[in-house]
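Q: Questions regarding the structure given below will be posed in turn.
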Amino acid sequence: MKQPVFNFSPGPAVLPHAVLEQAKAELLDWHGSGMSVMEMSHRGREFMSIAAQAEADLRTLMQIPQNYKVLFLQGGAHSQFAMIPMNLARGKSQADYLDTGDWSLKAIEEGRRYLDLNVVASSAASHYTTIPPLATWQLNPAAAYLHYTSNETIRGVEFDWIPELGDLPLVVDMSSDILSRPIEVSRFGLIYAGAQKNIGPAGLTIVIVREDLLGQVMEGTPSMFNYQLYAETESMYNTPPTYAWYLAGLVFQWLLQQGGLEAMAQINQRKASKLYAAIDQSDFYHNPVDPDCRSWMNLPFTLANPKLEQRFLDEAAQVGLVTLKGHRLVGGMRASLYNAMPEEGVDALIAFMRDFEAKHG
Ligand code: PMP
């Protein structure tokens, strides 16, 4: 029996219960094949059909145009921090990066190993509680692309808009908000996301890239880091993470059944709004993020009395509300409300927070 908890983990994170049930039912014998998906050759007919269906469903969900390749990779978002400069510099030596927090900084740190990076703007001075307005970005005309992070998982800062930068290819780390709302894929050169938040289990990384940006990889790039090789082989250049790919496919089907990304966006907005309202209505809890940039996915908050934090976590866990501890860089609490977090989980958290405040406030 799955324990009846609500898991607010930032990732790996909660998966839809129905998906886990289906995976369980199909674990030993997938569709009468007599095999588990884990046991299948990635080049066999069965797995090829699973892989193709997953890609088709993702294309439907995100309305991905035909001139974009969808790549199913490994190595997490961290590998993308290097693969992006190696593949997208296209003969240039410079790139633009926006700094909105800890994950932006990680991308910048790694990107600097390959290119001259220009940080177009930073919200470090505000302790990363806001997004610098587009009009203040100092763009470099020689940049090969601009990189930003659409949702900063640690401090809960999220874009609800897409920068308009003309022909400069936009590259976005959507690890923690992909599939949470509809986005216009054609506005981007490349979108990437580790799977372990809104897609499926860890081990799979998805890249959606405009075809014309491929094929000019930096000299010395390892084959495993060359997008072109995955694009030419249906992401089967080497053995892909087959089981994670299959589970991602089940999540895509589940999302389609929920009504797609429009429906998810409505639910996600409602879940986040009620938790922010509960935080803002009290002097006991606090969230420092500019209301225009507050994340629907990751909601950090602190207690007026930090000495009560451990007690909060312990008492929450006792009523089945788990993994609420904030990131070690910022402390406090963080509730991650990915697609698979049911609304009842958010309601239960809010009810617990009110009780806790009444007892200790
Ligand atoms: N970018 C963002 C926005 C993230 O939230 C994370 C993981 N928390 C990463 C990158 C790093 O992902 P990975 O561990 O898959 O490399």
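Using the three backbone atoms N, Cα and C, a Cβ is placed for every residue, glycine included.
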Q: In TrEMBL, the pyridoxal 5'-phosphate site includes Thr153, Asp173, Gln196, Asn238, Thr239. Which of Trp103, Trp137, Trp296 does it also list there?
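A: The record-listed residue among the candidates is Trp103.
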Q: Could you state the CA-to-CA distance between Asn238 (pyridoxal 5'-phosphate binding site) and Arg43 (L-glutamate binding site) to the nearest Å?
A: 10
Q: Report, in whole Å, the straight Cα-to-Cα distance of Asp173 (pyridoxal 5'-phosphate binding site) from Lys197 (N6-(pyridoxal phosphate)lysine).
A: 13
Q: If I restrict to non-local contacts, at least six residues apart, and a C-beta distance under 8 angstroms, what lies near Gln196 (pyridoxal 5'-phosphate binding site) in its own chain?
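A: The list for Gln196 (pyridoxal 5'-phosphate binding site) reads Gly11, Pro12, Ala13, Ala202, Gly203, given in order along the sequence.
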Q: Do me a favour and check the Cα-Cα span between Thr153 (pyridoxal 5'-phosphate binding site) and Arg43 (L-glutamate binding site); whole Å is fine.
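A: Arg43 (L-glutamate binding site) has its Cα 35 Å from the Cα of Thr153 (pyridoxal 5'-phosphate binding site).
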Q: Arg43 (L-glutamate binding site): which of the binding-site residues Trp103, Asp173, Thr239 is the nearest Cα neighbour?
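A: Answer for the nearest of the binding-site residues: Thr239.
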